[in-house]
Amino acid sequence: MSPRIFIILLSSLATGTIITLTSHHWLMAWIGLELNTLAMIPIISTTHNPRATEAATKYFLAQASASAMILFSSMINAWQTGTWDITNLSSEPSHILLTMALAMKLGLVPMHFWLPEVLQGSTMTTALIIVTWQKLAPMALIYLTINNLSTMILILLGLMSSIIGGWGGLNQTQTRKIMAFSSIAHLGWMITVSSIMINIMIMNLIIYLIMTTALFYSLILSKSKTIQDTTTAWTLSPTLTTMMMILLLSLGGLPPLTGFMPKWLILEELVIQNLIPAATTLAVSALLSLFFYLRLAYTTTLTLSPNTIQTKFKWRFKLKPAMFFMAAFSTISILLLPLTPLMLM
């Protein structure tokens, strides 16, 4: 794909998200989501192989179905209330349909089946866009309609997502599929707290985006597509492998690191609201996710020589130029925990 076409597609992607973020009319929000989907499909199918085409087809079917459900939901609401305003979603069938549609857009359980498959068929950079940028528009719609959505359905979706996200990633060997299940689990935490305290959800989303971007940068630089590839990442840069280990532990939510902050605040809020079973379920599901993060951290940093490795070593060629963002995001992903009181103000 030529750089000019790629820039046009990325601009369309950004425009679609911004239209959805800034709209108060359901039709404009739907147009933004459709523009977003249509720009993403050529980006997924840039590599001309059957797996990329299959991934693009699955992505199109899932996103088009979700967009149709959003349009149907808004039409029912307009028919019953006479308004197309996003914040005025008072019809019960409408908000149930909308919740299911946004769950499909985000890849929440039980509408999560497309996400690991699409990520596996995409390049690392495309997978990064899908699990970060593509979450912004649906999250904006949840933020706008949160007062009208069912708290019980959201908590149920969140708990199921955190459990299946941790469970599904246990047996994976491909890093992109592991990151897909990681995304499902993190979104489960966000959706659980969204109806209770929306500010914590937004903070969790920002931290998730930063941590996931930093880890994907590390995987792209070390060309680690499978767990076996991570075992030889130390030949490329020992500093990079150490940073990857700390990032993985941060994503798992271990205490001295940034990733612990959202989990701590969400569990605290659930306990304050007397939702003890939900808090316990989330805490146990975090252990499942932590297992596959620890497995990746183990293969990355603790399988050094003199172990005999069956894969080829990586040669140190010229350094990649885009190191600034990775350095900034990695630092934020590790050292932000002391600033928790500042963020709560």
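Any Cβ shown, glycine's included, is placed from N, Cα and C.
As annotated by TrEMBL, domain 'NADH:quinone oxidoreductase/Mrp antiporter transmembrane' applies to 23-288. The transmembrane segment annotation in TrEMBL covers 26-47, 59-76, 96-115, 127-146, 152-171, 178-196, 202-221, 233-255, 275-294, 322-344. The domain 'NADH dehydrogenase subunit 2 C-terminal' annotation in TrEMBL covers 290-344.
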Residue numbers, six or more beyond the limits of the transmembrane segment (233-255), whose CB comes under 8 Å of its CB atoms:
182, 211-212, 214-215, 218-219, 221-222, 224, 262-263, 286, 289-290, 293-294, 296-297, 300-301, 304, 313-316, 330, 333-334, 337
Stretch with greatest number of CB pairs under 8 Å, the transmembrane segment (322-344) reference, 26-47, 127-146, 178-196, 202-221, 275-294 candidates:
202-221
Using a Cβ-Cβ cut-off of under 8 Å, list the residues of the same chain that are 6+ residues beyond the ends of the transmembrane segment (152-171) and lie near it.
96, 99, 103, 108-110, 112, 116, 177-178, 181-195, 275, 278, 281-282, 285-289, 291-292
Please work out which recorded stretch in 59-76, 96-115, 202-221, 275-294 has the most C-beta pairs separated by under 8 angstroms from the transmembrane segment (127-146)?
202-221
Between the transmembrane segment (59-76) and the transmembrane segment (96-115), do 3 or more CB pairs sit under 8 angstroms, pairs being 6 or more residues apart?
yes
